[in-house]
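Features of the protein shown, as given by Swiss-Prot:
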- ASP243: active site, proton donor (ACT_SITE)
- ARG48, GLY49, ALA50, ARG95, GLN202, ASN253, LYS254: substrate binding site (BINDING)
- CYS163: site 'Transition state stabilizer' (SITE)
Amino acid sequence: MSSAFRTVWWEAGQVCLIDQRLLPNETSVVRCTTVEEVARAIRTMQIRGAPAIGCAAAYGMALAAHHAASTATDGDHQQVYDQLAAAKTILDAQRPTAVNLSWATRRVQEKVRRLIPAAPNTLARAALEEAHAILAEDLAMCYAIGRHGVALIPPRGHVLTHCNAGGLATAGYGTALAPIRMAHEQGRPIHVYVDETRPFLQGARLTAWELLQERIPMTLITDTMAGHFMQRGAIDCVIVGADRIVANGDVANKIGTYSLAVLARAHGIPFYVAAPSSTIDLSLPNGEAIPIEERSPDEVTTCFGRRIAPEGAVAAHPAFDVTPSHLVTAIITECGVIYPPFEEPLRRVVAGSE
């Protein structure tokens with residue numbers, strides 16, 4: 001098992017990431033030297049995907065700690081902690097639906113808090129070590145999701161996926177793409193139907209790119225074609241990622257996921273959600289409580305810088321929707337596959353990850 005590329009990493013005191021807005025036509029690395037630059041990269045979707053932005057935010061926290069330590073006196077641990085608190089506020093505000101973001105910043109903040117009153121440089125090193133740990137753990141969780149999920153792929157291996165829940169959305173290897181990658185590595189038949197995922201085209205630009213890099217057979221379709229291919233018997237199962245899974249098993253994911261779940265249920269097709277424990281939020285009872293990010297309508301009315309709707313057209317742009325738990329066949333986590341009712345299994349997964 002391997003990850004063909006790095007999504008986000010720390011290098012020479014900078015947070016480095018692949019600019020996903022430019023893929024597949026250009027591979028460019030963004031180098032962030034301030035918390036504000038990391039926040040902007042998350043907000044503008046230079047990096048996206050719940051686990052990946054969690055990793056980026058963790059490194060943003062490490063960046064804040066290092067900057068604070070560089071100007072603090074030997075005993076001024078409070079300056080480091082205050083800068084971390086300010087950085088957490090900035091980073092958490094960028095993408096409200098993905099719970100991995102606040103989960104990661106809280107982990108770094110808590111790691112530093114437990115070491116106070118250590119010297120500022122010690123606190124900064126601890127922040128970076130925790131960010132490295134979050135990245136390594138995410139990659140390990142992705143591999144585990146692949147191992148648990150591969151058995152769910154039917155023998156013919158025709159899988160529909162939505163948005164991008166691959167290596168680009170994580171520390172590497174992916175969530176929804178992890179079982180698919182593993183099936184391919186095992187030499188099993190696999191063919192992926194990739195929703196283009198309007199309006200940001202994560203499926204067309206990113207998932208298709210990842211699959212082609214590894215020569216995994218795929219067919220790109222528009223979002224509105226999914227029902228047709230289900231009706232014709234071309235789809236064996238659906239596997240998607242998640243940005244937040246709440247206590248009852250409701251799932252927030254890229255807009256259009258709910259529609260796929262309804263279609264899958266209507267056609268008797270299994271609908272699987274692949275996500276690490278860091279995406280589970282037991283503090284919210286159900287999907288009605290999940291904050292849904294509203295992005296700029298310009299992302300709907302324009303495409304690659306060109307307007308595709310008439311002037312004056314009013315557009316809506318909720319970036320995510322919520323799939324009710326009763327439409328989810330199973331959730332694939334690093335701890336195993338869990339089935340409804342989800343409440344108790346989700347609690348066990350979270351408890352096992354702590």
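Backbone N, Cα and C define each Cβ position, glycine as well.
GLN202 (substrate binding site) sits 5 Å from CYS163 (site 'Transition state stabilizer'), counting Cα to Cα.
The substrate site is set by ARG48, GLY49, ALA50, ARG95, GLN202, ASN253, LYS254; from the centre of their CB atoms, other residues of the chain with a CB within 8 Å are ILE53, ALA98, CYS163, ASN164, ALA165, ALA169, GLY241, ASP243, ALA319, PHE320. Shown in sequence order, HIS162, CYS163, THR197, GLN202, VAL240, GLY241, ASP243, ALA319, PHE320, ASP321 are the residues of the chain, 6+ apart in sequence, with a C-beta less than 8 angstroms from the C-beta of LYS254 (substrate binding site). In the three-state DSSP assignment, the secondary structure recorded for ARG48 (substrate binding site) is coil. In sequence order, HIS162, CYS163, VAL240, GLY241, ALA242, ASP243, VAL273, PHE320, ASP321, THR323 make up the list of same-chain residues 6 or more apart from ASN253 (substrate binding site) whose Cβ falls under 8 Å from its Cβ. Binding of substrate is attributed in the record to ARG48, GLY49, ALA50, ARG95, GLN202, ASN253, LYS254, and the widest Cα separation among these residues amounts to 16 Å.
Taking all protein chains in view, 26 other C-beta atoms sit within 10 angstroms of the C-beta of ARG95 (substrate binding site).
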